[in-house]
């Protein structure tokens, strides 16, 4: 095994590569002094011998042997001759280095292009860096690159550009030097990507940046009308200055956006596999590379033959299109190249971009141990910090912990016996699993993880089924919904990881967005609708009033028994302070009943007075209807209406004139008791006062939900 050299680095920087660096990637010198690396033939393998063709896309001399320690001709075969990298053996016949076949995964080659070509990302991308740095429209630059404006051998497009105002300085600029654009109609130097390369190489970045800064400084003296008219031009100058500053900061040169040497990927990254029927399945990159090599070789041959200019230009354009298809097939509306099955070929960009690309699929989305994946469904019964974990998944993820506990508790003698219990679904494993997951958080992640809240910690709750249950309020942080989304589960193994997950990553501790500081957990959609329905007032059920309850639980129980509606007005005995808008609120009604009960009724609450504790206990029955009690009163002793009203807009009193004075005194005593707002109080005459609040069963249920959320979501690690 070849020893691997460890390289420690702090960061990775991606920038333009120079032609020398690209050549260095794909070129190396063998121990016999031979320099290899250039791919000159488009053949892949010999279909008779099934061996790679020399100097082709799978050449063993360039990329390394197909089999370990075996050369192409077979002189060195199946023997590990030497492990010293300084004295590698090279076959005298075929020139293949005798080493491991794993080198074919990282050894690159290169293609020396017969004519420069532009990189399609920098030409047709948004923004087009080549057109911005040159200060020309993108369509004009493309016209030069693809020869769309050339009909004869004369360079009409170049002549037009020389006269164009965009290539002239304002006053003190001179016409472009002869070395920049030759006026010779017969010269092919100024057509295609070679013309763009000449323009970029002659560009002085520091001088251009200074000129742009001076021009931007002059715009500060513009009037408002001129500024509105020339704002678009100012924005272009700023954009051009930013790109030039990036080139100056990184040390890259603009002409490196033009390719003269094309790198070739290692063959194991674009494999060719033989099928059962004798046919071969190959990567689309091989077809794209083959097209580039064929056109490049044909162009080289035309140059040596001194072919007509129009033929050479046509071949250069075809080479440019072939390289464009290799880098990004179908970029910016171009018709994509298709294979034999009429399906567009996958280019280098298609391989690395998107959800199925190399970065997100293979580098960021690797499969790891102690992890699982399943569809998420809503779990409204869960707390904010909880998630429902399927039993089938939990027993697999926590298997080492379960086995350890089975042995420690004496339920299994060894690991083999513990695994047998797991395979047989022994009932004892579920109790052990509950003990294991108690206090052991799990991590839930939904790809793509675009910010810190894309992965959070939860306390697992064992559930039936095969779907992960999630609290609906944590969905905005994951950008998840319940239409088939999947989430991954990861198990923190060490105590340090578990502690960090509980302290820093628990869902109930991440309520604010790290980007904006605004709450990221807020009720929405059907939750808001449900809260509104619980707390709304329904006039249809306002006539169902007069029900008295001693506790909130009794009111909820009556609702569950369907004795009252969700929106029915009820009176509930309440211990606590009542806040009202007015400190001098007048009672709506004062009622004196035959039994001696005196009720002072306000809009949202009331007080009832009793002579002794016995009457107080009688009034504190779980379900008491004041209207039914009123019908049982002795109507002969008191002149009162047949059906008293709980609320009256004109503040009318339902007691007789004789009872009015007593009621007024009672109301005064009641108003004094309002400050304390206790459930039971006494006055100077030893009358007992009970406080009631008017509400609905829906509001009681709403308050219970809010209190449960506030109390149970407080996690103490």
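Yeah, the Cβs are placed from backbone N, Cα and C, and that goes for glycine too.
Fair warning: this is a prediction, and the values are worked out from it, not measured in the lab.
Around the Cβ of residue 94 (Zn(2+) binding site), 17 further Cβ atoms fall within 10 Å across all displayed protein chains. What Swiss-Prot lists as Zn(2+) binding site is 71, 73, 91, 94, and the listing cites sequence analysis.
Among the features that Swiss-Prot reports, Mg(2+) binding site is placed at 481, 483, 485, with the record citing sequence analysis. In this chain, no residue six or more apart from residue 483 (Mg(2+) binding site) has a CB-CB distance below 8 Å.
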For this session: Other than 71, 73, 91, 94, which residues of the same chain sit close to Zn(2+)? List them in sequence order, counting a residue when its Cβ is within 8 Å of the Cβ centroid of the site.
Result: 72, 74, 75, 76, 92, 93, 95, 96
Exercise. For residue 481 (Mg(2+) binding site), which of the binding-site residues 71, 73, 91, 94 has the nearest Cα in space?
Worked result: 71
Seminar exercise, completed: Densest Cβ environment (other Cβ within 10 Å) across the binding-site residues 481, 485 belongs to 485
Exercise. 71, 73, 91: which of these binding-site residues has the highest Cβ count within 10 Å of its own Cβ?
Worked result: 71
Exercise. Where the distance is taken from Cα to Cα, which of the binding-site residues 71, 73, 91, 94 turns out closest to residue 485 (Mg(2+) binding site)?
Worked result: 71
